[in-house]
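Scroll down for the structure; my scribbles are underneath it.
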Amino acid sequence: MSQTKDFVLYGEHFNSRFLLGTALYASPQLMRDSIEKSRCDIVTLGLRRQNPANRDGDTFWQYIQDSGCRLLPNTAGCKSVKEAVTLAEMSREIFDTDWIKLEVVGDDYNLQPDPFGLVEAAGILIKQGFKVLPYCTDDLILCKRLLDVGCQVLMPWGAPIGTGQGLLNRYNLRSLRERIKDVPMIIDAGLGAPSQAAEAMEMGYDGILLNTAVAKAHNPPLMAEAFADAIDAGRKAYNAGLMQKRQTASPSTPTLGQPFWHNQ
């Protein structure tokens, strides 16, 4: 499992291990308050959903700028390599960043990443100087192929986007973390509760990226704070070292010094 103490992505250090999406909020104000409560250093946003070119009077864009967070544009909704590469290139020009959350969707039903298109697009973008953070499944071979083409971060899903199902395949996620020890890995998508984020961090994952679980909560800022606390707690638990599970009970109270008649 990852022994990295600092949260470092492409050579850049971050204080928070929480990456928050900016879509689906009922209002820009709720989004701003949620970003603040999340204590995040990175926010994701999609070029297709916003038009930052029109910045005058754009409340959304102004709030994003005021947050001071690093921008992580995404290629959400892209279904082909060409489409994803083109959108990434446009995002670099508009948002003035070479960071990109790469998404190539292969199925409309569960929004599962297209593994073949994802690897191809990642290779193209990395050759163009992009810092690619690929949204992928928990498939070990896919993750290895992404590393082979130059990705320095992996973002496997916990469950399909927006489902709130949590960590559906714990075996795969644990195996992935154990097999790929020294690469930052962020659980991206599918989480619905802070407890699920804490569990992922306890497994040794380096960070959490989510959107819907906060944006669709009854109180998004409070939920953002809850996730931030859970992520911190999960990381502390991982660093502390969890006890091993046992099949039999073991008393936690010592018997030394008890009266002799106790055993009669």
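Using the three backbone atoms N, Cα and C, a Cβ is placed for every residue, glycine included.
Feature list (source: Swiss-Prot):
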ACT_SITE  LYS101  active site, schiff-base intermediate with DXP
BINDING   GLY162, ALA189, GLY190, ASN211, THR212  1-deoxy-D-xylulose 5-phosphate binding site
REGION    245-264  region 'Disordered'
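Annotated features, which come from Swiss-Prot, shown on the structure.
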residue : record                                         : contacts (Cβ under 8 Å, 6+ apart)
LYS101  : active site, schiff-base intermediate with DXP : THR44, LEU72, PRO73, ASN74, THR75, LEU133, PRO134, TYR135, MET155, ASP188, LEU209
GLY162  : 1-deoxy-D-xylulose 5-phosphate binding site    : LEU111, ALA189, GLY190, THR212
ASN211  : 1-deoxy-D-xylulose 5-phosphate binding site    : LEU20, GLY21, THR22, ALA23, LEU24, THR44
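Of the chain residues outside the 1-deoxy-D-xylulose 5-phosphate site list GLY162, ALA189, GLY190, ASN211, THR212, GLY21, ALA159, PRO160, ILE161, THR163, GLY164, LEU191, LEU210, ALA213 have their Cβ within 8 Å of the site's Cβ mean position. Within 10 Å of the C-beta atom of GLY190 (1-deoxy-D-xylulose 5-phosphate binding site) sit 24 other C-beta atoms, taking all shown protein chains into account.
When secondary structure is read from DSSP and collapsed to three states, GLY162 (1-deoxy-D-xylulose 5-phosphate binding site) falls in the coil class.
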